[in-house]
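Asks: This structure is in structure tokens; I'll ask about it shortly.
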Ligand code: ADP
Ligand code: MG
């Protein structure tokens with residue numbers, strides 16, 4: 001049960017709606033029980049009165065009005081209860097999703113949660129949804145049920161102590177027994193149901209995403225079969241679930257029947273020591289109606305297994321500690337955006353070799369450094385340290401003379417523009433895809449930037465409203481890269497980090513982009529990663545990385561003159 005604690009805390013904010021929901025549920029139940037009880041007694045009492053002299057004096061009006069009133073209260077109460085409690089639950093779920101997302105976002109670069117996309121989606125949707133059971137199916141029915149039994153007992157005791165207490169005690173016993181029994185019975189099936197539901201979703205998504213590939217390799221039917229297997233497992237879980245629900249309700253109705261017989265037997269000699277009279281009907285109908293209190297909890301506790309499994313799956317994310325945490329306070333620095341690495345060593349969590357070893361780099365504000373090196377030499381890792389995707393294991397990274405760990409996240413993101421090796425195109429319009437870098441950019445500004453990176457052809461027909469990404473126009477590798485560069489131009493931060501921005505571009509476009517950098521990025525501090533050794537004489541320094549270490553560092557001309565490794569690489573091109 002401890003799994004549920006983080007979620008119960010969220011309830012505090014919505015205590016009013018949630019409690020009001022329970023009060024209304026209670027009123028509805030009471031109106032409902034009152035209706036059956038009063039009308040049962042009323043019909044018997046009128047019949048008895050009709051047969052005797054009392055027909056002259058019997059008050060038909062008051063109980064008649066009571067029945068009418070209870071019927072209306074029941075309808076209005078049920079409506080009100082549904083509106084209030086569902087409203088509160090939906091708000092709670094909204095909060096819970098935001099809470100979950102806030103916890104999830106900082107975990108994404110790290111290794112703390114290694115969860116696949118489809119599974120994560122399932123957690124965000126289905127497992128969060130399962131949390132509404134806690135209030136709607138468990139907390140509310142139990143509290144309302146217990147309170148209702150106490151009140152019903154008190155009312156009946158006013159007529160007859162023995163009868164009232166007997167009914168109350170047996171109802172309480174059932175209220176305790178049913179949850180315990182059916183939680184036990186439904187537990188393992190409920191757990192399996194949650195996991196199999198997730199499994200079916202993951203498999204279906206896998207199949208959908210890889211459909212063309214699977215078809216081309218003739219593996220489509222095999223994958224489809226695994227979806228069907230997962231579905232069959234889920235169906236059998238649902239079958240067991242329905243069986244247990246049916247059993248819970250059936251047994252409760254059976255218990256009701258026996259309890260009715262017991263109450264009739266006890267009341268047969270008269271209620272409250274009187275001669276047998278219509279109050280016997282009141283007792284009988286009260287017993288029948290009392291099961292309305294228990295019905296909601298009959299099968300509810302077999303959901304507890306599912307809910308707890310969902311809570312556990314959410315907790316794997318919520319309770320995980322991010323590898324990188326940012327301070328909330330921003331650091332005060334002057335506007336000289338230098339970058340400095342002091343003996344920076346970094347190893348990926350599951351790697352044997354460090355990706356970067358005792359790296360020392362000093363890039364004064366406004367200087368431009370080109371980083372070259374073979375694939376796997378640690379170039380991209382260097383940028384990941386400067387963007388705090390990861391933290392160094394030893395040594396430090398400094399921006400503008402302050403340790404990067406003292407920068408707040410917003411401040412760091414404002415100060416750095418990045419063109420990463422893999423540019424993600426969002427499922428959205430061309431405008432969405434660019435204005436993410438500068439939300440207040442005007443259409444003219446965006447169009448201008450598009451022209452600068454040679455993408456004006458995207459800005460035709462439907463203009464900036466053209467749909468890109470999934471379900472829209474697919475961009476080529478070179479076009480994506482240029483979108484990345486356009487974003488960096490819009491973002492316009494003082495530090496610019498570029499990871500092979502000209503890879504996949506033809507010679508002419510490469511030249512265009514390079515001259516664009518020269519004109520647009522003057523005065524910025526730049527790290528430019530490339531494996532193409534062209535135009536590097538325009539950089540202040542070139543750094544040659546090999547196996548995570550700086551092999552050579554200096555101006556292009558110096559390195560050529562030294563006739564070392566850089567010279568060799570330059571010759572072979
Ligand atoms: P480059 O950008 O120079 O091609 P990277 O910086 O991407 O090289 O990678 C440097 C080394 O770190 C490589 O050996 C690579 O396999 C390893 N590496 C990169 N990313 C990860 C990761 N997320 N987890 C583990 N190892 C990684
Ligand atoms: Mg790389």
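Just so it is clear, glycine is given a Cβ too, placed from its N, Cα and C backbone atoms.
Sharing the features that TrEMBL gives for it:
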DOMAIN    20-309  domain 'ABC transmembrane type-1'
TRANSMEM  20-53  transmembrane segment
TRANSMEM  138-159  transmembrane segment
TRANSMEM  165-185  transmembrane segment
TRANSMEM  251-268  transmembrane segment
TRANSMEM  280-304  transmembrane segment
DOMAIN    339-572  domain 'ABC transporter'
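Help me picture where these features are in the structure shown.
Replies: Outside the transmembrane segment (165-185) by six or more residues, the chain places 142, 145-146, 149-150, 152-153, 156-157, 244, 247-248, 252, 255, 259, 262-263, 266, 286-287, 290, 293-294, 297-302, 304-305 with a CB less than 8 A from a CB of the stretch.
Note on the transmembrane segment (251-268): residues 160, 162-163, 166-167, 170, 174, 178, 276, 279-280, 283-284, 287-288, 291, 294-295, 298 of its chain, located 6 or more positions outside it, place their CB under 8 angstroms from a CB of the stretch.
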Asks: Counting only residues 6 or more past its boundaries, what in the same chain has a CB within less than 8 Å of a CB in the transmembrane segment (138-159)?
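Replies: Contacts with the transmembrane segment (138-159): 18, 21-22, 25-26, 29-30, 33, 85, 165, 167-168, 171-172, 175, 179, 271-272, 279, 282-283, 286, 290, 293-294, 296-297, 300-301, 303-304, 307.
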